[in-house]
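Have a look at the structure below before the remarks.
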Amino acid sequence: MSNKSSATKMPELAVIFKPLIIGFLLAEIWTVAFGMGSLYSLQLSDVNASIHLIVIASLFTLCVYYWRLRDGVATAKKIIKSFRIDLLAALYLGIELNFYTYQSLKEIHSKFIVTFFSWTPLILPILLLTILSPILQYWISKKHRKVQQSYFLSDVEIKKGDDDFLNVHEQAIMFAESVTQSADVFGLDGPWGIGKTSFINLAESVWSKNSKFLVCRFEPMRFASEPNLAERLIGELTSTIQKSTYAPEFRRAADRYSRLIKGKAELSFFGFKFSLEP
């Protein structure tokens, strides 16, 4: 018999409020930007329309390229697959809330536009610099450097079966498929340089192809100076899960579990958390 409770969980109000506030702020930014742009466009009335189109098309292309570099396609798919209608509704309500408060904020908008209208020509260069900076860093890091030919076999671990000179690729595939049949804990034992990390890399390539599994690489030796490895492990697991699943509540649940391990007392009230540390 299952011991799982069928009771409805308390909603995470903090998670709902976030898209609500984001929607309100986006609508506010659009209102102010539209007002400043409309006034500034009067000064550009003599500029050829084709130049306007070229500038707009160039900016749009740059934004799309930056969005792709930020892995925006995968993020968009992840959000769509989550089917979080509640968060979408909260975002829409935030926009509607801004619409209903437009008359109350109209005077504030006018004062803001008049005060900062002289800054309008600087907004575009600042945004361009903000977008171009990471793009240039990406291009510089992707420059191919000339690698000198080496006549020795490298001791760096392999990640592809094509680089396997020890003929363990097939064994790694069999191992990867067998351990996924049940919840097993396994370990590899062997002397230094025998290929333990390469074996795990080959097995990981098999696990990564299965959409039912998530692979999280946690190497304690890299965090030997950390005072709390358990907290670091939870953080790595959370990061791995959030890369493939859109679940805003998961981060809060992981933080709650981390505090539980530390022995913190926690009180929940409508999604807001109050904690006491020893």
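Note that Cβ sites are derived from N, Cα and C of the backbone, with glycine treated the same way.
Over in TrEMBL, the protein carries these features:
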DOMAIN    181-274  domain 'KAP NTPase'
TRANSMEM  20-43  transmembrane segment
TRANSMEM  49-67  transmembrane segment
TRANSMEM  87-105  transmembrane segment
TRANSMEM  117-140  transmembrane segment
* Asked: Going along the chain, which residues at least six beyond the ends of the transmembrane segment (49-67) come within the CB cut-off of under 8 Å?
  -> 128, 131-132, 134-135
* To do: State the non-local partners of the transmembrane segment (87-105) in its own chain: residues 6+ outside its ends, Cβ under 8 Å from one of its Cβ atoms.
  => 15-28, 31, 248
* Asked: Quick one: DSSP breakdown of the domain 'KAP NTPase' (181-274) into helix, strand and coil?
  -> 48 helix, 8 strand, 38 coil
